[in-house]
Amino acid sequence: MLKRFIFLLVGITLTLSAHAGLFGNDQPKYLSGAEAFAFSATPKSDKQIELNWQIADGYYLYKKEIQVTPQNAEIQPLAFPAAENYHDEFFGEVEIFRNQLTLPITFSAEQANASLSVHYQGCTKGFCYPPETVTVSLDGQQAVDSAQNVAKNRENSTASQPLANAPKAEQDQLAENLANNRLSIFWFFLLGIGLAFTPCVLPMLPLLSAIVIGNKQRPNTFKALLLSFAYVQGMALTYTLLGLVVAAIGLPFQVALQSPPVLISLAILFTILAASMFGLFEIRLPNSWQQKLNAMSQKQQGGAFGSVFVMGMIAGLVASPCTSAPLSGALLYVAQSGDLLTGGLALYLLALGMGIPLILITLFGNRILPKSGDWLLKVKTAFGFVMLALPVFLLSRILPSHYEPLMWSALAMVFVGWLISVIPTQGVIKQAVRIVLFLTFAVASYPWANLVWNQGNSSHSAQVSNHLAFERVQSLAELQEKLTASQGKKVMLDLYADWCVACKEFEKYTFTDQAVQQKLAEMVVLQVDMTNNSAQNDELMKHFNVLGLPTILFFDESGKELTQSRVTGFLEANQFLNWLNQL
């Protein structure tokens, strides 16, 4: 039983790691500018219009880039809501908006054909969008003057080959998100089954089964199934209501839950919860609360559907030391999602998973129950490691991107090391499992080994130029001339802008790498400065269907773009080198 559960936990951990982009080189999928920052303008009165941005999760707008310029009108000073302070490695302390921004505009004077020119620009981790300029009339009608036209041209593009790394169509992206959400939701069901095999719950299942059935003669199998199912549904109702309440409360605070202080606090809280799973201390309801709930439960009579249902509801409130930490973590996850459907369904599946063993024991008796022992404590400890994945995921959202693989690597090494220590050395199968775990440990240590290797070669790398020597091009016509003149060599075109954080990361961490520079020496390396978002820049973006920056294009020896090799978003040096080697 322990081995099966360990394999389940390893699967969960690998899924979390893959979702967080642990060691993979897959290109991330980015939304279009119109999807990431859905803009609308709504007239509120003859003298006021309301600008609204619905900002996708994980994306943000820079406050300093939001500018409103009146045409044939005068407006009162802009009244921004409180912004989030954000530390950027390259731009220092900046103010940003996440999730939603509403900006009321009040006119103090206006003439005929009055309008507003609204300028804004935003980013997400590893990717930035060109500045947007929208013209808004007083009746709320709007016309996009700049970069959003690129997204529209993308949809109408007649390019001969699809872009492998371009974002998917909106309906495809939605379908993929729904599929991913369904998968993540069902992990709560597996988590519930796992919680039933903790040392605080498993030994109580036979007693609980007897209480559910009651003191009368054992009912037939069908009635026993219905009674146990009623108990589980009562417990599930309590958990579902908890999920709905927490999700509803979480909705107004989604902006706060994105700020670094809150994310750091949540990471510390999850670490404390994980420590409780390691047995350092216990988290439970106050004794007085538990005694009152237990007294209420004892007043109910077993064997009756209504009483059994109420008993299940009360049991859902009595959080044991083994289940309170994972339950708290699940509730915090639900609060951050702010989704009522997700919140209710996730906690329902958690309770349903916890109730499956109870139903089986009620039907088939204690003979199917695994024997208690030290393995129960190991299951609890394994849950502690799963809990530690949450702080890593939270901190990866605010730390520089090169720290994320190091954190996942450290967690994986500690987890695998613990698995090696608890698996006995006797037996051929167990020895084979240990060998596989040792190999897994070696793979998990790769980011740290790569870090040490790069530091060890830093003195030698210093002899190489710190900055890659790009040849600048200004327009599409000039680029085509360069491609014609570069016959016989591959060409790399880097689209760069001063406002692009990930472009600066490429410049600092990737293009300064010795191995990358040696590989690029085999090519012609060109660069376009997109900082001013000029008409020439816009022409390039439309021609190549570029969504945002950084974007790096590659051309073969004949000057034809290698569309399958386009890079969107930041890649570290080793990832980018692997990408170059596949050209």
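For all residues, glycine too, the Cβ spot is worked out from N, Cα and C.
As recorded in Swiss-Prot, the features of this protein are as follows:
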- C123-C128: disulfide bond (DISULFID)
- C200-C322: disulfide bond (DISULFID)
- C500-C503: disulfide bond (DISULFID)
- 440-583: domain 'Thioredoxin' (DOMAIN)
- 1-20: signal peptide (SIGNAL)
- 185-205: transmembrane segment (TRANSMEM)
- 237-257: transmembrane segment (TRANSMEM)
- 261-281: transmembrane segment (TRANSMEM)
- 302-322: transmembrane segment (TRANSMEM)
- 344-364: transmembrane segment (TRANSMEM)
- 375-395: transmembrane segment (TRANSMEM)
- 405-425: transmembrane segment (TRANSMEM)
- 433-453: transmembrane segment (TRANSMEM)
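Overlay of Swiss-Prot feature records on the structure.
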| residue | record | CB count, 10 Å |
| --- | --- | --- |
| C123 | disulfide bond | 22 |
| C128 | disulfide bond | 23 |
| C500 | disulfide bond | 26 |
| C503 | disulfide bond | 25 |
For this session: Examine the transmembrane segment (375-395) against the transmembrane segment (405-425) and state whether at least 3 Cβ pairs sit under 8 A, considering only residue pairs 6 or more apart.
Result: yes
Exercise. Could you give the number of helix, strand and coil residues in the domain 'Thioredoxin' (440-583) as assigned by DSSP?
Worked result: 69 helix, 23 strand, 52 coil
Problem set entry | Inter-residue C-alpha distance, C503 (disulfide bond) and C128 (disulfide bond) (nearest angstrom) | 9
Exercise. Between C128 (disulfide bond) and C500 (disulfide bond), how far is it from one CA atom to the other, in Å?
Worked result: 5
Problem set entry | Integer Cα-Cα distance in angstrom, C123 (disulfide bond) to C500 (disulfide bond) | 8
